[in-house]
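Engineer: Attaching a single structure in structure tokens format; questions to follow.
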Amino acid sequence: MKQNSLNVKQKKLSKIAFSHVGCEKNLVDTEHMQGLLHKEGYEVDSNINDANVVVVNTCSFIETAREESIRKILEYTNQGKEVIVAGCMAQHFKDELIKEIPEIKGLVGTGDYQKIAKVLDRVEKGEIVNEVSKIPEFIADEEMPRFVDKNKFVAYLRIAEGCNYNCAFCIIPKLRGPQRSRTIESILSEAKSLAKKGIQEIILISQITTNYGQDIYGKPSLAKLLNELSKVPIPWIRIHYAYPTGLTDEVIRAFKDSKNIVPYFDLPLQHSHPDVLKSMNRPWQASLNESILEKIREEIPSAVLRTSLIVGFPGEKKEHFEHLLQFLDRHKFDHVGVFIFSPEEGTAAFHLPNKVSPEVAEARKDNVISVQQNISREKNQIYVGSKMKIMVEQISDNNELIGRSYNFAPEIDGTVILSVKEKIDLKNYIGKFVEANISFADEYDLYGETIKIL
């Protein structure tokens, strides 16, 4: 790992490790906390077994994420580690966590991770710390130390934090606070710094990326940001969490005009039927779904479309679900993530009537997966026989290269698996782009052979 700042203070006694649960926004928080602690003289270790303090950065988006977070907390407290709980569960259950698990030494809210060093100092003095602001307001800028994993060539770049929407199923606005954007200058500065560190791909993230700048510039400013970022020498710039309302002509033009902004559209649409979307408190979306998808395909034929969907939402009838399946068949997304509705206390959907049974919801999820697998297989077959630009990220146990083309985002999509004829050290390929012949495809991955390093 590398850190942004070299101004490291005198070494402290505690050895700190981090355990991360949840999304990439949480990951960025973790990287900042690691950087801050290193700057203050703490030894930050990736090996939890060697650490005496573990910071568990938690997720509270859905029940399964909370269960995983609690499992990790209990695992480390049972090992005798001093545990500090950070992130969304600390924000969500700031009064309950320490009562239920008294072994926890401290809590750090989603708007308070910049205080992690002071929290740890207080914990080392024997204090039980509850550092959770009622309303998160902080967002890190390019000046805050951050660890960037030297073994990876992808970095997430947060352009805003928080959300002003109130989707009926979502607890995030209560956990992350209102939207607050960074300035274009701040984002550009960090992007340039990441480029100097050898990062080959940056992924722009926020709760709603297409709403970027509304709070500080008086209007959404993603198009202007993209135009500026396109000048930064990073081969791939990807955008996650784009909403249909924000995909204006200017934003789509920025995708078209920029060589390094990949035509990959991550659109968390959640559903297709107007009745379900209205219940989700997203009534504006139904009329836009069809038109924006058609517009993207028309303007950018090479566009890759990903969406995420919720099935089993209260009141979702059979005809609503059939509408969703027809929607998938009609628009043929490249990638789809599907989740069963999770009732979250504190959200409007928690009290909605007409609950869908778990058995029906599970069957609907399986149905969506089956339909999408067939679509994805057909989409991937298009690449067979073509040459593609691949970023190589690792070596498999079978001595093959594993990487991605622009149409695959890390972690959530497939990979490209390549054989190599040349008798050279495979490590020479890591972090580089290669040209490859694609010879086979399944519903998730592409397979082929390297031609040359680009």
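Every residue number used here counts from 1 along the chain in the order it is shown.
Using the three backbone atoms N, Cα and C, a Cβ is placed for every residue, glycine included.
Annotation source Swiss-Prot lists domain 'MTTase N-terminal' at 14-125, citing sequence analysis. For C23, C59, C88, the entry in Swiss-Prot reads [4Fe-4S] cluster 1 binding site. Per Swiss-Prot, domain 'Radical SAM core' is recorded for 149-378, and the stated evidence type is sequence analysis. The annotation [4Fe-4S] cluster 2 binding site is assigned in Swiss-Prot to C163, C167, C170 on the grounds of sequence analysis. According to Swiss-Prot, the feature domain 'TRAM' maps to 381-452, an assignment based on sequence analysis.
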Engineer: Let me know the model's mean pLDDT on the domain 'TRAM' (381-452).
Structural biologist: 95
Engineer: With helix taken as DSSP H, G or I, strand as E or B and everything else coil, how many residues of the domain 'MTTase N-terminal' (14-125) land in each class?
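Structural biologist: When I sort the residues of the domain 'MTTase N-terminal' (14-125) into the three classes, I find 56 helix, 25 strand, 31 coil.
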Engineer: C88, C170: which of these binding-site residues has the highest Cβ count within 10 Å of its own Cβ?
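Structural biologist: Of the binding-site residues C88, C170, the most buried by Cβ count within 10 Å is C88.
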Engineer: Return only the integer: C-alpha distance in Å from C167 ([4Fe-4S] cluster 2 binding site) to C88 ([4Fe-4S] cluster 1 binding site).
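Structural biologist: Computed Cα spacing between C167 ([4Fe-4S] cluster 2 binding site) and C88 ([4Fe-4S] cluster 1 binding site) is 18 Å.
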Engineer: C-alpha of C23 ([4Fe-4S] cluster 1 binding site) to C-alpha of C170 ([4Fe-4S] cluster 2 binding site): distance in Å?
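Structural biologist: Cα to Cα, C23 ([4Fe-4S] cluster 1 binding site) and C170 ([4Fe-4S] cluster 2 binding site) are separated by 14 Å.
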Engineer: Rounded to the nearest angstrom, how far is the Cα of C163 ([4Fe-4S] cluster 2 binding site) from the Cα of C88 ([4Fe-4S] cluster 1 binding site)?
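Structural biologist: Cα to Cα, C88 ([4Fe-4S] cluster 1 binding site) and C163 ([4Fe-4S] cluster 2 binding site) are separated by 14 Å.
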Engineer: Once C23, C59, C88 are set aside, which residues in the chain still have Cβ within 8 Å of the Cβ centroid of the [4Fe-4S] cluster 1 site?
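Structural biologist: Everything else in range on the chain: V21, G22, K25, N26, T58, S60, F61, A65, G87, L175.
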Engineer: Count up the helix, strand and coil residues in the domain 'TRAM' (381-452) according to DSSP, in that order.
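Structural biologist: Each residue of the domain 'TRAM' (381-452) counted once, the result is 5 helix, 33 strand, 34 coil.
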Engineer: Counting across all protein chains shown, how many other Cβ atoms sit within 10 Å of the Cβ of C167 ([4Fe-4S] cluster 2 binding site)?
Structural biologist: 20
Engineer: So how many other Cβ atoms are close to C59 ([4Fe-4S] cluster 1 binding site), meaning within 10 Å of its Cβ?
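Structural biologist: The answer is 21.
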Engineer: Given the recorded [4Fe-4S] cluster 2 site (C163, C167, C170), which additional residues of the same chain have their Cβ within 8 Å of the Cβ centre, ordered by sequence?
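Structural biologist: Apart from C163, C167, C170, the close residues are Y165, N166, F169, I171, I172, P173, Q207.
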Engineer: If you measure C163 ([4Fe-4S] cluster 2 binding site) to C59 ([4Fe-4S] cluster 1 binding site) at Cα, how many Å is it?
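Structural biologist: About 16 Å separates the two Cα atoms.
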Engineer: For a quick check of packing: other C-beta atoms within 10 Å of the C-beta of C23 ([4Fe-4S] cluster 1 binding site), how many?
Structural biologist: 20
Engineer: At the Cα level, what's the spacing in Å between C170 ([4Fe-4S] cluster 2 binding site) and C59 ([4Fe-4S] cluster 1 binding site), rounded?
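Structural biologist: Rounded to a whole number, the Cα-Cα distance is 13 Å.
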